[in-house]
Amino acid sequence: MEGDGSDSLVTIKNIERELICPACKELFTHPLILPCQHSICHKCVKELLLMLDDSFNDVGSDNSNQSSPRLRLPSPSVDKIDRISRPGWKRNSLTPRTTTFPCPGCEHDVDLGERGINGLFRNFTLETIVERYRQAARAATAIMCDLCKPPPQESTKSCMDCSASYCNECFKIYHPWGTVKAQHEYVGPTTNFRPKILMCPEHETERINMYCELCRRPVCHLCKLGGNHSNHRVTTMSSAYKTLKEKLSKDIDYLIGKESQVKSQISELNLLMKETECNGERAKEDAIIHFEKLFEILEDRKSSVLKAIDASKKLRLDKFQTQMEEYQGLLENNGLVGYAQEVLKETDQSCFVQTAKQLHVRIQKATESLKSFRPAAQTSFEDYVVNTSKQTELLGELSFFSSGVDVPEINEEQSKVYNNALINWHHPEKDKADSYVLEYRKINRDEEMLSWNEIEVSGTSKVISDLESNCNYAFRVRAYKGSICSPCSRELILHTPPAPVFSFLFDEKCGYNNEHLLLNLKRDRVESRAGFNLLLAAERIQVGYYTSLDYIIGDVGITKGKHFWAFRVEPYSYLVKAGVASSDKLQEWLRSPRDAVSPRYEQDSGHDSGSEDACVDSSQPFTLVTIGMKKVFIPKSPTSSNEPENRVLPMPTSIGVFLDYDKGKVAFYDMDHMKCLYERQVDCSHTMYPAFALMGSGGIQLEESITAKYLEYQENM
């Protein structure tokens, strides 16, 4: 094992990267074997646990952002290391402690269990190799005797039982012949001392004597009898040693036998890298040539357009100048008028006629130009405005993509936005892509485009969360097949709701009439049972009574802030009213529903009772919009048309409700286009609830939140 030849030294020096801790990036110091079989320094495990523990206790601290095992770890204080090393430091103690952290080697989560660091094996083999490397790197720097009186002598032996190094004289003194110490195991000078027998970290008094084939780790007989490995298959340590040594020897022999093949492949990779470098430079040169051609064309078109504008400008200015000179001559007509007045004084008829004829023509021409003033040219250059929209779109799609992959298309009908955005797209089956990249970005109000965010997707749909409220977002997708990429799809613009989504279900306890209404188990859908109840009310209808509305409300109230929710009304619904109502108004409705039995005379009902005109500006404790027969009826308001045909709109697929409690404002939205249909003030002096009412046959379905779990379910279907 202890090679003295130059080949051994070369081998030792070449394995340096295998002896570097993945956490601290330095040579291993007392390495521990993690459950994932990677090794990490003892101090690094402590530091990782401490940092994650600090992040757990102080989520807002900067430490939570510095727990990456890839970073060099700061040194913790001694008292913290002491605290984490104590046996009582467990996950289930009164103070929460974490024993799970990502392995710096493979980045998989490692759970140390209740024993924490105490449950890990120390990698003595790796320690020995590191020590041999240190000695080779130091050119076998002398290790001094631990027992000599100053000055110490250079050691010649190290005792593994005493964990000390000795010179020849001291070794004879402390290991005399005929004593037990004379039987101690000794090796060449070293600073790496390890126990002769490995003890079980779970059962500290038991030695390791078996190997668990399932967990791939050494265990003791107590681990097999009643511990975590009682039902696992185990083998003897000698058998495991023989098997693993044979496998490792075969692997090493195989790699050594393939040395020439590896060298050949390395040479091939070097050639491929050089070829890639050359091809990349050539591609850049070709791209520059293409763009320079485009620049030349644009410069040529720019020059011709500017020349045409200059020529047109000069022609128009010349016409204006000529016309201005003519009118300037009119200012000189003051002399003409005076001259004409003098001509009128001529008494000789022959002389007068001779002069007056020409003078009359001049005055008549000046008079006509004053009566019909028209500019000689147009000032607008609209005909010369360059329309570059089509070219801009084409330039935006400039790419070096292969035409071998078709462009995916986003399905606008199946794509929607609520609290998150659900984007669906389809792609021709004959060109099934390996993966897709979904891009999205926010569009500011001044149409400024921010940079694209990219998400790699394996399927044809994706949920995007953490979108800002009341914003436009653009979405596009491209397909990848191997290293070939398709052009981007046409962009889809979606508008997010004006406020955070308010989650609630229908309340089956407050005023719910189970004789008239049917509520599903999830409490997110309600249906009105029409027919029999209406027949029972036939006599009341005949004598002038109206059938009452059946009210149902949300199970959560609103006392502050901005909130948004959405729902769908079934197309077959006869009459549905939806909106918001305060707690005091709900008590009034639910206590004596016949006070508001007639939808014809109810405020905000959408019917022409005339009462709305008098009260439309007043702030009511409720606002309900009427939906029915595939239509939405918009109530009268000063800002909207009062003509009935302008207040009847097609029913959207989904209807959204936006409540600003603090400003006392409620608005109703068409969710298909996120367009506000109706808005008005509402009295929010009490707790506000989502309120619904049904009459006749009808159904209401609350809009489901778009979640990743929901999406996975849809994909599995």
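Placed from the backbone N, Cα and C atoms, the Cβ positions cover glycine too.
Given the structure is predicted, the values throughout are model-derived calculations rather than measurements.
TrEMBL has this to say about the protein:
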| type | residues | note |
| --- | --- | --- |
| COMPBIAS | 601-610 | compositional bias 'Basic and acidic residues' |
| DOMAIN | 21-72 | domain 'RING-type' |
| DOMAIN | 195-237 | domain 'B box-type' |
| DOMAIN | 344-401 | domain 'COS' |
| DOMAIN | 407-499 | domain 'Fibronectin type-III' |
| REGION | 597-616 | region 'Disordered' |
Could you give the residue numbers and ranges of same-chain residues that sit at least 6 residues beyond the domain 'B box-type' (195-237) on either side and whose C-beta is under 8 angstroms from one of its C-beta atoms?
33, 35, 37, 115, 118-121, 124, 160-161, 185, 243
What average pLDDT does the predicted model assign to the domain 'Fibronectin type-III' (407-499)?
83
DSSP-wise, what's the residue breakdown of the domain 'B box-type' (195-237) into helix, strand and coil?
7 helix, 11 strand, 25 coil
